[in-house]
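Below is one structure, written out as structure tokens, with a few remarks after it.
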Amino acid sequence: MNINLDTAKDTLCKNILIYGYCKYENKGCVFSHNTKAAAGAVGAGGSQGAANGNSGGFDAKRKFNFNTPSFQPSVQNVTNKFAALSPRVNDIPVFVPGGSAPPSTGSSGVANSSGLSAPTSRGADSADQTDAPAKKFNVSTPIFMPSNIYGSEFPAGSETNNSIAPPTSNGGSNNPYFPGNSMVPGGTMTPGASEVFYQQQAATYPLQYHLYAPAPPPRLTFPLPPHETNANLMFIPNDLRESLQKKNEATLQTIPRSNLPDHVNTYHSLVPIDKTYEPNSEVWGIPTSLYKVFSNVDGNAYAIRKIDLTFPIINELPFRTIRKWKTVKNSNVVQVQEAFTTMAFGASKLIIAYDYYPNSNTLVEHHRRIGTRTEPITEDIMWNYTIQLVNALVAIHEKGLAARSSLSLSKIIVTNKNRVRLSSCGISDIIDFEKDEEEIGRLGGQGFINKLQREDVHRLGRVLMELSAMTISPNLRNTDKLSLLGLLRTASTLNFSSEYIEMLTKLNEDSEHFDLVQFRQIYLSSRAFKLLNELQNSNDYIESQLGSELENARLFRLMAKLNFIIDRPQAKDWNENGNKYVLKLFRDYVFFQYDEFGKPITDLSRVLVSLNKLDAGIDEKILLVSRDEKSCIMVSYKEVRDMVDSIFRTLTRDR
Ligand SMILES: Nc1ncnc2c1ncn2[C@@H]1O[C@H](COP(=O)(O)OP(=O)(O)OP(=O)(O)O)[C@@H](O)[C@H]1O
């Protein structure tokens, strides 16, 4: 038999009905033994017992079959029944009223550690003044203790040995980006409070992208006349929105419990972004890892690369080029932020911080990923890459630097459609410091940099050659440069133009002197105009999307305002002439129109046009008609807009 514990206490026990008493009363019977209340209830229902005027409630002399086995409710049965549920009935802690708790159990201690200071301390105060119960909380209830996952084990900045970055002042300051700092209304900082927020954030569910209904395939879309449009064209395209959402998600991602350090200098919330599990880098041959982090200083996301040092860094000399790297501001170079050594990982590690580009891929991942969709190589893409990489190289060389290891397929990252950037700049300058010193001694400073810059051109030629070689059969690729150039003419799946092959040949020449600026003018200038045109088109497209979203934001605010006002339950101004009534009629005018055949009009563009006119407050007049068609009013959009504004102002003032 199913017994509902909630309703059982209001149901008169059958033993009372049958025997006039229940021997399990006060021994666990969950039914009511209050015969007076029951009699009232039954009387109200017009029962026989009440009609007999039986104030005792029940006629004990009624004839019943005494052989009927008695009903014996037992708490045990009930608890067994619900025992499998969670929380377990057996395990529910017994509520101990505040007054019964001994005042000496350290109530203030609980209050302090649980953070429930306001109500508990009030209880403690009153205990000092009166004999009233000292506490209002059950001391046996487990306290809530936010875990301090950012414990001060790794104080910011304390582990830094060498850094060319300016000293940061955030340690323990009131900087809101510092993870241990959070403002409470009183203006004091509560270490730990932001961690709770942080952990909750990490537990959020991933966005369900499919909740955004995709546009139907073209064959299913209705052919519309040119003056009409469909809803999908009015909003940001699904693929663009999804890619932006994913980038935001990647940027905000955190790992609440990891064995990574809480802080690395001024950075916190480390999330590994390496996609391979190879500890050793293919480029440098030593263990490196890349993490997305947040800065304590400005709250922005950055990418930091941790490098296991092969030699101890004891002064700032190996970092000498980093200051120059920080001045390289180019759209095809990932900005270098700073470099320092740290003990945050247990042993001394080199860290170099860069700008973070969410969801970026290396050129290898972009074009050679196995198993998933890859971007096919075309000649246009190759020209695009060449122009962008030459642009990066010229900017780097102008600063007296060399790209070095950054010019490799696994260090050039694709951050957007066909947008490439040189990442990991400056690393070779630090890890090859000792070798470089010897070379500088031999060649002189300028001779050494000239040599590196010449090598950059070779590297660029090799990168472009490797990418182009992806268009020929894999078993033909392992050959020398000259043969490969020949194969690109004859065996490529792409019909590369002779112009492209010529440019590639020039880059792969072994000459001692190479003028990159001259190369740019001769081989790339005409192509650069094509790229410029594409970039401008893309810029126009992004701007138009931004424009439509701008409208959405504006209209969303207006819709929110209208909904704050219309149909508000306690609205007083609903008489037939009141302003809110006009707004209600306006809502009907925009959303609840019918055509001449009585069919509802659900024309989104009409809604957009009307709301835009309302937001702009134009003088155009409209006729608003009540639902019963007994009253109508002529108003301008401007008048309606003024009503919205004034009522909304009243609403916000009344708060
Ligand atoms: N500044 C950055 N911002 C965001 N992601 C980056 C950044 N730099 C690199 N990445 C991404 O991090 C991932 C790992 O980069 P990494 O340079 O370690 O490549 P790798 O193939 O593992 O090379 P290696 O063999 O040298 O370790 C790549 O997917 C790359 O796109």
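For all residues, glycine too, the Cβ spot is worked out from N, Cα and C.
According to TrEMBL, the feature zinc finger maps to 7-36. What TrEMBL records for 7-36 is domain 'C3H1-type'. What TrEMBL records for 96-133, 155-174 is region 'Disordered'. The compositional bias 'Low complexity' feature in TrEMBL is assigned to 97-109. Positions annotated as compositional bias 'Polar residues' by TrEMBL: 110-120, 158-174. Feature annotation from TrEMBL assigns domain 'Protein kinase' to 276-655. Per TrEMBL, the feature ATP binding site maps to R305, D355, Y356, Y357, P358, N359, S360, N361, T362. Taken from TrEMBL, the feature coiled coil covers 526-564. TrEMBL lists 565-655 with the feature region 'Knob domain'.
Structural mapping of features recorded in TrEMBL.
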residue: R305; record: ATP binding site; DSSP (3 states): strand
residue: Y356; record: ATP binding site; DSSP (3 states): coil
residue: T362; record: ATP binding site; DSSP (3 states): strand
Restricting to the same chain and to sequence separations of six or more, state which residues have a Cβ under 8 Å from that of P358 (ATP binding site). K246, K247, N248, A250, T251, K292, A301
Going along the chain, which residues six or more apart from R305 (ATP binding site) have their CB under 8 A from its CB? T288, S289, L290, Y291, I351, I352, Y354, S424, I427
Restricting to the record's ATP-binding residues (R305, D355, Y356, Y357, P358, N359, S360, N361, T362), give me the longest CA-CA distance in Å as a whole number. 16
In the same chain, which residue numbers or ranges, 6 or more beyond the ends of the coiled coil (526-564), come under 8 angstroms Cβ to Cβ? 234-237, 240, 383-384, 386-387, 417, 583, 587, 608, 611-612, 614-615, 644, 648, 651
Could you count the residues of the region 'Knob domain' (565-655) that DSSP puts in helix, in strand and in coil? 45 helix, 12 strand, 34 coil
In chain order, residues whose C-beta lies under 8 angstroms from the C-beta of Y356 (ATP binding site), counting only those at least six residues away in the same chain, are T251, K292, N300, A301, Y302, A303
Number of helical, extended and coil residues in the domain 'C3H1-type' (7-36), per DSSP: 10 helix, 2 strand, 18 coil
Give me the count of other Cβ atoms within 10 A of the Cβ belonging to S360 (ATP binding site). 21
Just how many other Cβ atoms lie inside 10 Å of the Cβ on T362 (ATP binding site)? 20
On average, what pLDDT score does this prediction assign to the region 'Knob domain' (565-655)? 86
